[in-house]
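Asker: Grabbed the feature section from Swiss-Prot, which reads as follows:
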ACT_SITE  Asp370  active site, proton acceptor
BINDING   Ser256, Tyr257, Ser258, Lys275, Thr325, Tyr326, Ala327, Asp331, Glu374, Asp388  ATP binding site
COMPBIAS  206-235  compositional bias 'Low complexity'
COMPBIAS  401-415  compositional bias 'Basic and acidic residues'
COMPBIAS  416-452  compositional bias 'Acidic residues'
COMPBIAS  788-797  compositional bias 'Low complexity'
COMPBIAS  798-836  compositional bias 'Polar residues'
DOMAIN    246-571  domain 'Protein kinase'
MOD_RES   Thr641  phosphothreonine
REGION    206-245  region 'Disordered'
REGION    277-322  region 'PIF-pocket'
REGION    401-464  region 'Disordered'
REGION    788-836  region 'Disordered'
Amino acid sequence: MKCKSWSNKINNYVVRKIKSIKINGTQQQLQLPGSGASGIAAAAVITVASDCGENCSSNGTEHQQHFNIATTTATSATEATMPAMAKEKASATVSLGESNFRDINLKDLAVVVEAASRLHHQQNVCGCGAVSSTENNNNSRYGSSKYLTNGHTSPLAAAVASNSSSVATTPHCRMLHNCSLQQYQNDIRQQTEILDMLRQQHQQGYQSQQQQQQPQQQQEQQQQQEQSQQQQQLQNPAPRRSPNDFIFGRYIGEGSYSIVYLAVDIHSRREYAIKVCEKRLILRERKQDYIKREREVMHQMTNVPGFVNLSCTFQDQRSLYFVMTYARKGDMLPYINRVGSFDVACTRHYAAELLLACEHMHRRNVVHRDLKPENILLDEDMHTLIADFGSAKVMTAHERALATEHCSEQRRSNSDEDDEDSDRLENEDEDFYDRDSEELDDGDDEQQQEEMDSPRHRQRRYNRHRKASFVGTAQYVSPEVLQNGPITPAADLWALGCIVYQMIAGLPPFRGSNDYVIFKEILDCAVDFPQGFDKDAEDLVRKLLRVDPRDRLGAQDEFGYYESIRAHPFFAGIDWQTLRQQTPPPIYPYLPGVSQDEDFRSSYTVPGDLEPGLDERQISRLLSAELGVGSSVAMPVKRSTAKNSFDLNDAEKLQRLEQQKTDKWHVFADGEVILKKGFVNKRKGLFARKRMLLLTTGPRLIYIDPVQMIKKGEIPWSPDLRAEYKNFKIFFVHTPNRTYYLDDPEGYAIHWSEAIENMRKLAYGDPSSTSAVSCSSGSSNSLAVISNSSAASSSNSPTVKRSSPVNAPQASTASDNRTLGSTRTGTSPSKKTASK
């Protein structure tokens, strides 16, 4: 067959040589001396071709060079056996590629040759890089006899066997190899232990980190939930509220342009206090800014402990509606009026709650400017809630900076300035005055009169339509407000001192017949502390009632945290962190000890049926509380079968009336027989007033100012009225709305208690469940006020007329046998300030 190219010749030669090797084995190699070189050349060509096939994606130029070198080697190695060709054909380029070997299926042969080359290298080079003795011993001429000594019949067989053979090494290398292997295993073991330890530490750190991050994650989840809820609310806003969503019940408060109702949400059945502001009155009184400010501040203070929450607002064509928290126990003032004064423990607790409320407000740059007992509400747990932010002020950053550097103005002391102040107070408009601030009801049942120095009633009588130019209430306003000074949080600290004084003493510290007198006392800081006033409380009040705002206790403290006030001895023992979670001390009828006298508390339990209701009895009581007069409905008369010394027939009544006409007190009895009379000291807190007390056949208990000869009021009669004597001088008279503290200087307290109880049984019967006269020691303290009511004043107590003639002896005391004159003496219509 004629060959057309060198490549075909080489291919054919290689194929023949491979077939010869397979058939003849070693003998073929021995017969052909040049076969070794030819085999090597062929193997080289095949190896290069295989490498080219495997790395065909690499640089083509380098592979082409390798192929050319292999071709040259193969040509030089086979010159002895290959026939000579023409020179022009011999100079042709020889090209060996993968396609040539693919055609004759020599890929398997390339793999075998590569394995043989690897075996040769492993057997002749040890692990340390030195040439082994096997290579030196087998350096024969042909280099093929070493395969025979190893038991292989051909290089191919040796190549196949090399896949399972180990590396040929020297003994020294094997020893080094074993040491290295052992060291490697030890390193692996140590690294595994270190990894296990690190893994445990990582797990522990991860768990602790998870525990630390858990609260933060919960907060983040809550924030995300709140944000999602807000987004949902924004996307799906709640339907607008209207008056039709609430059932309006009784009204619980009234202002100059608003009325507060108790209402029930028809959807949730929750009770709310809804303040209804009439738009017409707001425009007439120019209260637009007050309404906006109140809404803004209430939104800011909502969900803050100690403040009334604003649930929602809405409006219609006539009114604006503020839906607020309903304070079930009402405001604090009726409690002070009811029990006369708080004990020290009760005062300490509520003063601490007010201090916390001031800290919350001032931390948010809010100054209330009208703190007073009427604006301090009590929830169902008897904790305080601050309300009525119509006079509040939100301080800007600039105003707050000025407040810290505030210098008080010079006090106005000369008479010219006083005259100017008087003119200003009489002529300027009023921003604070409303019906709520007009009425300070101390619980006395008077004929539109006030027994003691009640400033608010005197304001109303002095100038009912007078206007003033400041924001606040007269008894609690600070000097800097009267002097038109900058408004600072110290104004609320002044009011706090006034409230602490009133809780202990029973009356505000500044009192007078009109606003001007009160303002003069405030500017002079004329505070009188009666006997029995707690010393620590007195020190606290003195440090709070300073004319210069900078000198007040707490004024130099950081905004929102009054550390100096908290550290005052009066607040010793207060746990500020859990104050609002504690149960407040019960409010007992309390008579502070004066001089050497002991403190007295009552043991009689007042009926707790003062909650608002819809029956006729409750409506009558609410109506009397709203109008400030007693009920005109006569209580049913229950006849007692037992003989009573006060049960007089008509003839006896006429005889007694004729005898008492010459008595100067007859004119105050309104045609009724005076059964018992005597001078008593009527106590309210730490203040006492001398009064003439009359017990008549009404039954009525009338007390009169013996100096001015003015009827001051009456103690309202009811089946629930009880008398309780504490000793020979002091006795209490309990009514559903108030406890009256009376002191008989002549020592007839027991006689008074028996007389009052006999008259009650005569008028209303003698139920077996009630005792005749109550007596308890001064240490008893079981009487607690458990529900709220307005202290109802009554000038016309229900009178029960007796018609059946029953013989009865006259009163036992000498003062009861005095005759009365036949003519009625007129009384002065005016009322002057009682002496302190």
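For all residues, glycine too, the Cβ spot is worked out from N, Cα and C.
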Asker: Which secondary structure state does DSSP assign to Glu374 (ATP binding site), in the simple three-class scheme?
Answerer: helix
Asker: Given a 10 Å Cβ-Cβ cut-off, pick out the one of the binding-site residues Ser256, Ser258, Thr325 that has the most other Cβ atoms nearby.
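Answerer: When each Cβ's neighbours within 10 Å are tallied, Ser258 leads.
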Asker: Between any two of Ser256, Tyr257, Ser258, Lys275, Thr325, Tyr326, Ala327, Asp331, Glu374, Asp388, the residues recorded as binding ATP, what is the biggest Cα to Cα distance in Å?
Answerer: 21
Asker: Whole-number answer please: how many Å between the C-alpha atoms of Thr325 (ATP binding site) and Asp370 (active site, proton acceptor)?
Answerer: 19
Asker: State the non-local partners of the region 'Disordered' (206-245) in its own chain: residues 6+ outside its ends, Cβ under 8 Å from one of its Cβ atoms.
Answerer: 265-267, 312, 314, 316, 321, 323
Asker: Using DSSP, how many residues of the region 'Disordered' (206-245) fall into helix, strand and coil, respectively?
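Answerer: DSSP classes over the region 'Disordered' (206-245) add up to 33 helix, 0 strand, 7 coil.
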Asker: Let's see if you can do this one: DSSP helix, strand and coil counts over the region 'PIF-pocket' (277-322), in that order.
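Answerer: Across the region 'PIF-pocket' (277-322), DSSP assigns the residues as follows: 21 helix, 13 strand, 12 coil.
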Asker: Between the Cα atoms of Ser258 (ATP binding site) and Asp370 (active site, proton acceptor), what distance do you get, rounded to the nearest Å?
Answerer: 17
Asker: Given the model, what does the mean pLDDT over the region 'PIF-pocket' (277-322) come out as?
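Answerer: Computed over the region 'PIF-pocket' (277-322), the mean pLDDT is 91 on the 0 to 100 scale.
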Asker: How would DSSP class Thr325 (ATP binding site) in three states?
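Answerer: The three-state answer is strand.
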Asker: Give me the Cα-Cα distance between Ser256 (ATP binding site) and Asp370 (active site, proton acceptor), rounded to a whole Å.
Answerer: 16
Asker: Quick one: Cα separation, Ala327 (ATP binding site) versus Asp370 (active site, proton acceptor), in Å?
Answerer: 19
